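Structure first, commentary second.
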Amino acid sequence: MRKLAAGNWKMNGTAAALTEVQALLGAHPAPACEMLLCPPATLTARMAELARGTALRVGGQDCHAKPSGAHTGDISAEMLLDAGATHVILGHSERRADHGETDAEVLAKAEAAMAAGLVAVVCLGETEAERDAGQTLDVVGRQLAGSVPEGSTPATLVIAYEPVWAIGTGRTPTLEEIAEVHRFLRGRLIARFGQPANEMRLLYGGSVKPANADDIFAVPHVDGALVGGASLKAADFGAIVAALAKA
Ligand SMILES: O=C(CO)COP(=O)(O)O
């Protein structure tokens, strides 16, 4: 399996930030892992233009479940594809929290993304209260069952486990806690999709930095990372890419 280093720029970056992409490509023209950046929608086309013919893939951060229509402010999977995207992040906890997205909505979006030809990067993760209550596996199991489409394959689906309390906080679960959740998710995916699920990428996300990347990438069933803050700087994201490439 080719591992995946993915960056989520969230609501950060104007055209000036594209110099970071040039620096990343200059330093890591052909890494031994996949490299994906998901900028805000205003930069999708320009980043895709820069990435054309390189090892970098470009993704969206959300899409609507419908291909077109009266949905002011929304973007469809077809539009992301048209702008040069190959992937789309769906069901990020910030969208689940800020926009009240449910598993059913994330499922519909993931179906739309796959139908359009995009890889769906479906995000799961427990809140701190849920972890403290011992509900982590129940929560991520329910999210997995509810937001991952039938017929998903290693070529159409990536899962990102992102504990909500680890996002942007500098805190991470222990390596054993990450291992427990990833092992659980692999088991659920195999139960549902059979042996091909061994090839589905399971990313860890939440305060991944150059300093902790080696340790996290050594955890079984961690097939890459979904990186927020550290993906904004070429030096940091490049270091994470390099750590994954040698893991
Ligand atoms: O939410 C994340 C990626 O989608 C993680 O963000 P941070 O890496 O900034 O914690």
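Sequential numbering from 1, following the chain as shown.
Using N, Cα and C of the backbone, Cβ positions are placed for all residues, glycine too.
A TrEMBL annotation is a machine prediction, not a hand-curated record.
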Considering the substrate binding residues N8, W9, K10, G168, G228, G229 given in TrEMBL, which of S68, S76, S207 is annotated for that site as well? S207
K10 (substrate binding site), DSSP three-state class -> coil
Please check the binding-site residues N8, K10, G228 against ligand 1 and give me the ones with CB under 6 A, sequence order. N8, G228
Minimum Cβ neighbour count within 10 Å among the binding-site residues N8, S207: which residue? S207
Express the distance between the Cα positions of G168 (substrate binding site) and E162 (active site, proton acceptor) as a whole number of Å. 11
From the Cα of E162 (active site, proton acceptor) across to the Cα of G229 (substrate binding site), what is the distance in angstrom? 14
For substrate, with binding residues N8, W9, K10, G168, S207, G228, G229 per the record, max Cα distance (Å, no decimals) returned as 14
